[in-house]
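Asker: According to TrEMBL, the record shows the following:
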- Arg21, His22, Gly23, Lys24, Thr25, Leu26, Trp27, Asn28, Arg71: substrate binding site (BINDING)
- His22: active site, tele-phosphohistidine intermediate (ACT_SITE)
- Glu96: active site, proton donor/acceptor (ACT_SITE)
Amino acid sequence: MQRLFKGNTVEPNQTLIALLRHGKTLWNEEGRIQGRQDSPLSSKGSKQVHDWGRFIGNYAIDHIVASDLGRVRETVAIIQQYCNSVPVEWKQSLREQAWGEWEGKSFRELKNQQPEELATQIRAGWDFRPPGGESRKEVLQRALPVIKDIPRKYPGKRILVISHEGIVKSIIYHLAGRAFLPEEEKLLQKRQLHLLLGGWDSLQLGPLNILPTPDKAENQ
C-alpha cells in the first residue's frame, strides 16, 4: 500500500483506484439483506470507518467516487474527516445490487421459506437474480463503465471508490475471470480494501485484502 501511494503523485499514465465497502450497518449485524434499502451504520461500523479514515488519511487521496445510498454517505462523511474533505462524486450506478423481494430478509429465512429458489440462484453464478431484483451481470454492466472512466477523468491520481459488497465483488470477479460460483476459492475478505491500477484503456488488479494498519498493509 505504501509503495503504491509513495510520493506526491502516481505515474502520469496510471490511476490508483481503491475499492472500499461501506461500514457495517444495523441490518448487516442482524444478517438482513439490504440491497437498495438502507439502515444506518452500527457503532461497530462507525468505528471500522474511523479506522479506515485514519489509515487512508496517511495517503494523498485526490477524489472520492461513491454510491449515493445512505450507508455510503455516512461512510464518506467519516472518511472525509481524515482526508481534508476531498471532493466527492456521487454515482447511482454504484448502488448495491437490487435484491427485490428478498430485501429485508435474512438468509436463514430464505433457507426456510424458499430453499429451492435460493439454491438455484446460488448456482446461477453471474446470472444470480433475486425475485424482482437484478442479476450480477446487470450490476457489472452499470458499475464497470464508472470504474473504467475513472482513469480517463483522473489520470495520475489516487481515487477512493466507496460502495457495496455486490459492486466490489462484481468488478474484481470480472477482472479475475471468476464465475461467481460457490465452489471457487475465496478471493476477497470482508471489510478490507482492494486496489486497481487503471490506464486510459486498461484496468488491472492490484493488491487485494488490505487491512487498515500500515505494517499489515505492506505485506499484502
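Yeah, the Cβs are placed from backbone N, Cα and C, and that goes for glycine too.
Note that TrEMBL annotation is computational and uncurated.
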Asker: Using DSSP and three states only, what is Thr25 (substrate binding site)?
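Answerer: DSSP assigns Thr25 (substrate binding site) to strand.
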Asker: Once Arg21, His22, Gly23, Lys24, Thr25, Leu26, Trp27, Asn28, Arg71 are set aside, which residues in the chain still have Cβ within 8 Å of the Cβ centroid of the substrate site?
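Answerer: Going along the sequence, the neighbours come out as Glu29, Gln34, Ser39, Leu41, Ser42, Gly45.
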Asker: Using Cβ atoms only, which residues of the same chain lie under 8 Å from Glu96 (active site, proton donor/acceptor) while being at least 6 residues apart in sequence?
Answerer: Gln34, Gly35, Arg36, Ser67, Leu69, Ser163, His164, Glu165, Gly166, Ile167
Asker: Just to verify a number: CA distance, His22 (active site, tele-phosphohistidine intermediate) to Arg71 (substrate binding site), in angstrom, no decimals.
Answerer: 6
Asker: Restricting to the record's substrate-binding residues (Arg21, His22, Gly23, Lys24, Thr25, Leu26, Trp27, Asn28, Arg71), give me the longest CA-CA distance in Å as a whole number.
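Answerer: Answer in Å: the longest Cα-Cα distance is 15.
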Asker: Below 8 Å Cβ to Cβ and six or more residues apart, same chain only. Which residues does that give for Arg71 (substrate binding site)?
Answerer: His22, Gly23, Thr25, Gln34, Asp38, Ser39, Pro40, Leu41
Asker: Can you give me the same-chain residues 6 or more apart in sequence from Trp27 (substrate binding site) with a CB-CB distance under 8 Å?
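Answerer: Those within reach of Trp27 (substrate binding site), by Cβ under 8 Å and sequence separation of 6 or more, are Ile33, Gln34, Gln37, Ser39, Gly104.
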Asker: So if I draw a 10 Å sphere around the Cβ of Gly23 (substrate binding site), how many other Cβ atoms end up inside it?
Answerer: 26
Asker: Helix, strand or coil at Arg71 (substrate binding site), per DSSP?
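Answerer: SS state of Arg71 (substrate binding site) = helix.
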